[in-house]
Amino acid sequence: MCTPCCVSQLACCCGSAACSCCCNCCPKIKQSTGTRIMYAFYFLLVTIVCCIMMSPTVEEQLRARIPFYSELCERMNAGENCKTLVGYAAVYKVCFGMACFFLFFAFFTIRVNNSTGCRAAVHNGFWLLKFIVLVACCAGAFFIPGQETFLEVWRYIGAAGGFFFLLIQLMMLVEFAHRWNTNWSSGVKYNRLWYAALAFVTLMLFSGAVAALVFMGVFYTDPEACLLNKIFLGINGSLCFIVSLLAISPCIQKLQPTSGLLQPGVISVYVMYLTFSAFSSKPKEMVERNGVNTTVCVFPLNAGTESDKKIVTIFGTVILFGCILYSCLTSTTRRSSAALRVCRNSEPEAERARCCFCFGDDTDDYDEENTGGGQNVVYDEREATIYSYSYFHSVFFLGSLYVMMTVTNWFHYDNHKIEKLLDGSWSVFWIKMVSCWVCLFLYMWTLFAPMVCPRRFEA
């Protein structure tokens, strides 16, 4: 059993065979899913490297634990204590290599319609060779001449790409909310328990949004300071209330019978999260009370120990990169790509209510292959691709730029550290606050679009 499994893994790394686990207890996996997981793994691996490069803690540990660390850095021509391998400049170069890797595959896989061609074979296999190419791209970026000019130009390119990726992420959130409601609403006619599930989840979402609103009203406002917090908290809370009323208004219900409170519930929770994140990212404000400068409008744990602050930072970082990977993987399906054009699918799908509605339906009949005693692979793209290969790599290209700008704190990159990813910065504050309004605008557009462009939504 071990020999066939090793052969299959070798074929996956150096050939066009699909990747799978050696354990035959694992459920079968689709070729399209396995491929996207592998690219996401590459993406996450480079992201972790970028975080390490921005961490002075890791640099200090390497200096303390590696013998002759300074001499080794000098022999590698990496500067004193490997200064060229850490900091924002190193992150820019590594992300440049990753972006070039995905941009090349975006052009290489244009108009690939099934998995039987040679270009599709390269996309779905040869993982060891592609990993070597990815490492070579990231390492080669350190030898680009004219470093100062390169970093200055690449910074603005990264900002533009990061903003565009953020827009895609917000559009996917709106599409996710609509899809969730449509999928679960389709089960109401067969089982009334789906109606109870819809009502329960909607109640939980709005309860969470209201709780977040009250929490920020208590801890992030002050009678003598934090005027912006008061204004934006009132604006965002009011906008969430308005879109909730619009979603169940008679004029919207007439054109979109499936429109309900679940979608605005999802949007409201996300807007409250972005608002909380924006308030946390804003530079701290000080108020003089009883002759002592007091910090106001801060998260309660910030006043506690250093370990509490690290817990908040780690939790926020995990949520951040989880959202990035979700956007990269889900925004590349055919259905999600159609959602970016804000139109009804030309072929109406027969919805089947499922708890895990984000994943494809497993009822389709595809060719299945046993990989020598290991995990079975379902080749689901021999007739047609499940997702656009070129668009998939384009989203990862933009995601690379977004990671680069996020890890280096956008335009406040000097002396930035990964441990201070959630610390105060006006640029991060405004990016997140504008994201709230863009998300609400996109959702409102999906409500009014059938009225403005009725032909695009005709069944």
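For all residues, glycine too, the Cβ spot is worked out from N, Cα and C.
Automatic, uncurated: that is what TrEMBL annotation is.
According to TrEMBL, the signal peptide annotation covers 1-19. Taken from TrEMBL, the feature transmembrane segment applies to 37-55, 85-110, 122-144, 156-174, 194-219, 231-248, 260-279, 311-329, 391-411, 431-453.
Long-range Cβ contacts of the transmembrane segment (231-248) within its own chain (Cβ-Cβ under 8 Å, at least 6 residues beyond either end) map to 206, 209, 213, 216-217, 220-221, 259-261, 263-265, 267-268, 271-272, 275, 278, 433, 436-437, 440, 443-444, 447. Between the transmembrane segment (431-453) and the transmembrane segment (194-219) there are fewer than 3 Cβ pairs closer than 8 Å, counting only pairs 6 or more residues apart in sequence, which means the two stretches are not in contact. Across 85-110, 260-279, 391-411, stretch 260-279 shows the highest tally of CB pairs under 8 A with the transmembrane segment (194-219).
Note on the transmembrane segment (85-110): residues 43, 46, 49-50, 53-54, 56, 59, 73, 78-79, 119-120, 122-123, 133-134, 136-142, 144, 147, 151, 154-155, 158, 161, 389-394, 396-397, 400-401, 403-404, 407-408, 413-414, 416 of its chain, located 6 or more positions outside it, place their CB under 8 angstroms from a CB of the stretch.
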